[in-house]
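J.: Before I ask anything, here is the structure I am working with.
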Amino acid sequence: AVLVEAALVLAVVLLVHAAVWDRFSWCALALAAQAFSAQFKWDRLLRLGGAVFQFRGAANSGLLPASMVIPLLGVLMKERCRAAGSVYFERLGVVVASTGMLLALFLSVLAVGITKPVPTNTCILTGIAGSVIIYTMKHSLTVSEVIEVLEVLLIFVYLSMILLYLLPRCFTPGEALLVLGGVSFVLNQLIKRSLNVIEGRGDPIDFFLLVAVVGVVLLGLFFTVLFIFMDSGTWISSMFFHMMTAVLGLGVIMPWLYRLIQRNPLFWLLQFLFQTRTRLYLLVYWTFLAASACGVVFYQNAKRSSESKKHQASTITRKYFHFIVVATYVPGLIYDRQLLYVAAVLCLAVFIFLEYIRYFRIKPFGQTLRHLLSLFLDERDSGPLILTHIYLLLGMSLPVWLFPRPCAPKGTLSGAGALVPYSGVLAVGVGDTIASVFGSTMGEIKWPGTKKTFEGTMTAIFAQIIAVALILIFDSSVNLNSSYAWILTSVSLVSLLEAYTTQIDNLLLPLYLQIMLMT
């Protein structure tokens with residue numbers, strides 16, 4: 001299974017760089033070979049319990065698929081923005097690609113360094129890959145961009161040491177690379193733009209995302225340190241939690257956002273949400289879907305009898321939420337993508353804040369949330385945090401957030417790129433859901449080395465093709481320009497990756513589908 005997963009990732013890398021071959025292509029190939037070798041060292045460390053931190057069990061390290069995501073996104077962003085004539089975002093793409101390669105190389109070096117005896121072949125590969133990457137960075141980056149890359153690496157190192165220690169068994173090394181690498185880059189971008197407000201002036205919704213992500217992360221770190229010295233389950237601690245949340249939100253986060261967008265954030269948000277009648281209709285519709293999702297949670301918990309306290313929700317029951325999310329995102333993508341962008345940021349902040357309340361047992365809802373959500377846990381929620389619903393939201397939202405709007409004429413890309421914002425809907429909302437439902441109910445032929453079935457994968461591919469046809473019918477902005485063969489190839493590769501990966505598919509699959517569609 002690991003070898004097939006590696007072959008699929010390598011196929012994506014080769015297909016991307018066959019279309020956009022440049023000096024970074026050699027770096028990507030060297031990094032892929034090195035990450036493939038280092039992944040086995042990480043897997044050995046995880047099996048023997050020799051890793052420095054406690055990582056999520058029942059999964060391999062996932063180093064290779066995670067290592068290629070950020071560099072490939074950066075390379076494709078660079079090429080798209082170069083074609084559109086956007087120099088600033090072209091250089092940002094170069095920084096993203098270089099940062100992703102350096103972060104992946106650091107994680108590989110960490111595995112090699114703590115493996116005993118030191119693996120000679122992997123050390124040689126790591127040295128070659130590191131030399132190629134550093135040589136390319138030297139000839140591609142300015143001094144200020146090199147400093148920016150090193151800043152992100154420094155933030156990543158500190159965040160990794162803190163969060164992997166505080167949150168054992170929540171991530172695999174690959175998932176930690178994606179999540180913490182993304183947070184590190186966002187934090188560095190926010191600091192950079194805050195120090196230079198004139199240069200940082202741009203679309204307020206971009207700053208809204210940066211501030212929201214950094215704000216909830218800093219909030220969590222603050223309360224984690226605080227509750228080391230306090231019992232978080234008491235009423236006094238709970239009152240202090242709510243009070244300090246208000247203080248940090250109104251006294252730090254809001255002024256920070258005001259400095260960036262040069263207007264009152266609350267007034268801007270209210271004006272933005274209720275600007276048109278379409279937005280009002282979408283908000284009412286989304287409120288109804290949110291109430292429906294809560295209704296599913298309460299109904300499933302009501303069905304849990306006192307004799308079956310260990311009963312867990314079935315796979316099909318958990319996929320109800322995938323259908324609800326698809327019904328949420330598709331109208332937003334068709335009618336108002338900017339509103340969907342902001343609504344997804346707000347929803348992410350709410351989800352993380354509710355997880356803080358559950359994790360710290362904050363009164364009056366902490367214990368209730370623990371009881372309600374325990375029904376929907378699966379083997380991937382082995383750590384102290386419940387992250388599957390947050391990963392689902394991220395998987396649907398990242399293609400919307402990462403869509404290169406300044407480099408897309410009239411807000412959309414041509415050909416298969418027009419489907420980039422739909423990557424989450426196709427890969428997770430349709431493909432993963434259909435594969436899971438049909439595979440668990442009717443699947444008989446299993447893929448070698450996995451629990452996934454041939455029937456589930458084939459049904460998922462077919463369902464995604466039907467979804468693409470429906471998108472063409474209902475979204476007039478999508479023009480595929482006869483790129484149907486590439487779309488079929490992209491969907492097939494990502495569906496096969498879903499069958500063989502042991503990483504969080506809600507997070508990984510949309511990113512790989514976005515990479516393929518942007519090529």
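Counting begins at 1 with the first residue displayed.
Each residue, glycine too, has its Cβ placed from N, Cα and C.
Checked TrEMBL, it gives:
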SIGNAL    1-18  signal peptide
TRANSMEM  53-76  transmembrane segment
TRANSMEM  88-112  transmembrane segment
TRANSMEM  118-137  transmembrane segment
TRANSMEM  149-167  transmembrane segment
TRANSMEM  207-228  transmembrane segment
TRANSMEM  240-258  transmembrane segment
TRANSMEM  278-299  transmembrane segment
TRANSMEM  320-335  transmembrane segment
TRANSMEM  341-361  transmembrane segment
TRANSMEM  382-402  transmembrane segment
TRANSMEM  454-474  transmembrane segment
TRANSMEM  486-513  transmembrane segment
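Buried or exposed, and what's around them? Tell me for each listed feature.
T.: For the signal peptide (1-18), the list of distant contacts is 25, 28-29, 32, 36, 39, 43, 60, 64-65, 68, 72, 75-76, 447-450, 489, 493, 496-497, 500-502, 512, 515-516, 519: same-chain residues at least six beyond its ends, Cβ to Cβ under 8 Å.
If one looks beyond the transmembrane segment (88-112) by at least 6 residues along the same chain, the residues whose Cβ comes under 8 Å of a Cβ in the stretch are 24, 27-28, 31, 34-35, 38, 41-42, 45, 52, 61, 63, 66-82, 118-119, 122-123, 126, 129-130, 133, 136-137, 140-141, 145, 148-149, 152-153, 156-157, 173, 176-177, 181, 184-185, 404, 406-407.
Under 8 Å from some Cβ of the transmembrane segment (118-137) lie the Cβ atoms of residues 23-24, 26-27, 30-31, 33-34, 37-38, 41, 98, 101-102, 105, 108-109, 112, 146, 149, all in the same chain and six or more residues away from its ends.
Below 8 angstroms of C-beta separation, residues 317, 320-321, 324, 327-328, 331-332, 335-336, 339, 343, 372-373, 375-376 of the same chain, each at least six residues beyond the ends of the transmembrane segment (278-299), sit close to that stretch.
Nonlocal intrachain contacts for the transmembrane segment (341-361), taken as residues 6+ away from its ends with a CB within less than 8 angstroms of a stretch CB, comprise 205, 208-209, 212-213, 215-216, 219-220, 223, 227, 232-233, 241, 245, 269, 272-273, 283, 286, 332, 367, 369-370, 373, 384-387, 389-390, 393-394, 396-397, 400-401.
If one looks beyond the transmembrane segment (454-474) by at least 6 residues along the same chain, the residues whose Cβ comes under 8 Å of a Cβ in the stretch are 334, 419, 422, 425-427, 430-432, 434-436, 438-440, 442-447, 480, 487-488, 491-492, 495-496, 498-499.
Here the transmembrane segment (486-513) has Cβ contacts under 8 Å with residues 1, 4-5, 8-9, 11-12, 15, 58-60, 62, 65-66, 69, 73, 172, 174-175, 178-179, 380, 387-388, 391-392, 394-396, 398-399, 415-416, 419, 423-424, 426-428, 431-432, 435, 447, 449-450, 452, 456-457, 460-461, 464-465, 468, 480, 519 of the same chain, all six or more residues outside its ends.
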J.: Under 8 Å, at least three CB pairs between the transmembrane segment (53-76) and the transmembrane segment (320-335) (pairs 6 or more apart)?
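T.: Answer no: the transmembrane segment (53-76) and the transmembrane segment (320-335) share fewer than 3 Cβ pairs below 8 Å.
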J.: Quick test of the contact rule: Cβ under 8 Å, at least six residues beyond the ends. What residues does that give for the transmembrane segment (207-228)?
T.: 162, 166, 183, 186-187, 189-190, 193, 200, 237, 241, 244-245, 248-249, 252-253, 256-257, 260-261, 265, 269, 341-342, 345-346, 348-349, 352-353, 356, 360, 401
